[in-house]
Amino acid sequence: DEILRSLAGPPSPPAPAPPGWRVPVDCVRANELCAGEPGCSSRYRTLRQCLAGRDRNTMLANKECQAALEVLQESALYHCRCKRGMKKELQCLQIYWSIHLGLTEGEEFYEASPYEPVTSRLSDIFRLASIFSGMDPATTSKSNHCLDAAKACNLNDNCKRLRSGYISTCSRELSATEPCSRRKCHKALRQFFDRVPSEFTFRLLFCSCKDPACAERRRQTIVPLCSYEDKDKPNCLDLRGACRTDHLCRSRLADFHTNCQATFQSLTSCPGDNFQACLGSYAGLIGFDITPNYVDASTTSITISPWCSCKGSGNMEEECEKFLRDFTENPCLRNAIQAFGNGTDVNVAPKNPNPAVTVLPKAEKSPALPDDVNDSNTAYDTSVISTCTSLQEQGLKPNKSKEQSLCYSEAQLTTDVMPDQKTFMDPKGGSSRRRESRILLLIPILIPALGL
């Protein structure tokens, strides 16, 4: 409990902002500032009238419209952004899109995010990973990280209350034909992910798994029967189109594309190598019809997708497939999830790992997994992986076998690991140790001979 409560500890300082980046004014405040200036206020009204026309290019070619745009481009209103989860988030986003949506045709494949850039990293959340990795490997190797995440949430009043709230709402059957209220379920999920710190939500969504029962718990995090699955899969472009008619959903989707769009200009395939920004924007999509989720309980690969397909796309099939691949074949998103699950964003002090013991899996009867039951079917977990990574980074040699890869330095080889090795040979002091062992063996012979 003490370790899990450490989640509530003070966060580390945020990462420095990117070069040349300035803190933007939120759009609600920018609108208030503009309303207080007669010049800005009148030009804003003019521009909105210009953008209301069907032929935007013709309207913006008007000299009065051009003058209004030139003035506003120098104002805080034009450069304003919003904060996710802010008190007046929807109002802020409506102001943002009233300008930016009108200046474009709104048909771009990718749209810029209306949210402030995320400058923080995963180090705050990985504080707990480093604590757990420092525990006895015999304990951590048997732990279920998804179950640990649920227990950690239950130790925080806010997380426990909001999690219980959405599980109850999303599991409440309305009738034989309606398993739940999808609208209410989505609203409860949005509240949970907006109001609970990512130290808790990320661990529930992206916990690492080495067995199907654990992976199924992870897949069930958002109660997919209500929030995710449906009788029929809609076309992905129809789903995207419906999302773009809602300012909030449109903003979250634009934020996802901004922060998770795969790039070859970084080592991690993520823009700015910022895993935190990608995972946060992914979580921001949960609670809408475009909600993404794990497609299965596979432990060998991570596949994420909204509940949609490209059937019936006609001549738009290529664009539809491209949109779907941003989820299903996105190296940035996959790397971010795996990095969080493996704790690879922090330097973990290695401890001597114990050999993994694989237990035969037990039958899984129900996907509903209570928080007080450890559904992990294997003792092999990411504590071994992260320790191996740390050992390798320090230049120590791993010992690999066909079935598993456990890391041992030469100083960690004992008779338990190698039964045929009766004595440990230190290359620097091997001869002195051999002499000592020979002297000890001669003592029982010398004592009677000397008459002692």
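Counting starts with 1 at the first residue shown.
The backbone N, Cα and C atoms fix where each Cβ goes, and this holds for glycine too.
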From CYS270, CYS388, CYS407, partner that TrEMBL gives for the disulfide involving CYS332: CYS270
Per TrEMBL, cysteine bonded by disulfide to CYS207 (from CYS146, CYS278, CYS308): CYS146
Cα-to-Cα gap, CYS34 (disulfide bond) vs CYS270 (disulfide bond), nearest whole Å: 36
Tertiary neighbours of CYS278 (disulfide bond) (same chain, Cβ under 8 Å, six or more apart): ASN259, CYS260, CYS270, PRO271, CYS332, LEU333, ALA336
Alpha-carbon distance [CYS159 (disulfide bond); CYS185 (disulfide bond)] in Å: 16
CYS308 (disulfide bond) CB neighbourhood, other CB atoms within 10 A: 21
Other CB atoms, at most 10 A from the CB of ASN342 (N-linked glycosylation site): 16
10 Å Cα neighbourhood of CYS236 (disulfide bond): matching disulfide-bonded residues from CYS40, CYS310, CYS320: CYS310, CYS320
By Cα-Cα distance, the member of disulfide-bonded residues CYS40, CYS146, CYS170, CYS226, CYS243 nearest CYS308 (disulfide bond): CYS243
Rounded to the nearest Å - Cα separation of CYS249 (disulfide bond) and CYS226 (disulfide bond): 18
